[in-house]
Amino acid sequence: MKTLLLTLVVVTIVCLDLGYTRKCLNTPLPLIYTTCPIGQDKCVKMTIKKLPSKYDVIRGCTDICPKSSADVVVVCCDTNKCNK
């Protein structure tokens, strides 16, 4: 019986995804997020200036933080749900 239990524990550990995956917001709402694909371990928030008083905000996962420009402000971070 103990052998069977030990075998089940080992199989469970092997079958679980023990790798770390980042969780990033993909909307302004804090309860809605996405689990990032393997290799994308940063969260990003891009604010895109459309008109003098209108902005689009894009949130999600990335592997490399894009550079900001005159019309796009990029903020990257390395913790879960940090791209508020």
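Cβ from N, Cα, C; glycine included.
Cross-referencing C43, C65 with Swiss-Prot gives C43 as the cysteine bonded to C24, criterion being a recorded disulfide.
Looking up C36 in Swiss-Prot gives a disulphide bond whose other cysteine, out of C15, C61, is C61.
Recorded disulfide link (Swiss-Prot): C77 to C82, out of the candidates C65, C82. Highest Cβ count within 10 Å among the disulfide-bonded residues C24, C36, C43, C76, C82: C43.
Working note on the disulfide-bonded residues C61, C65, C77: by count of other C-beta atoms within 10 Å of each C-beta, C61 ranks first.
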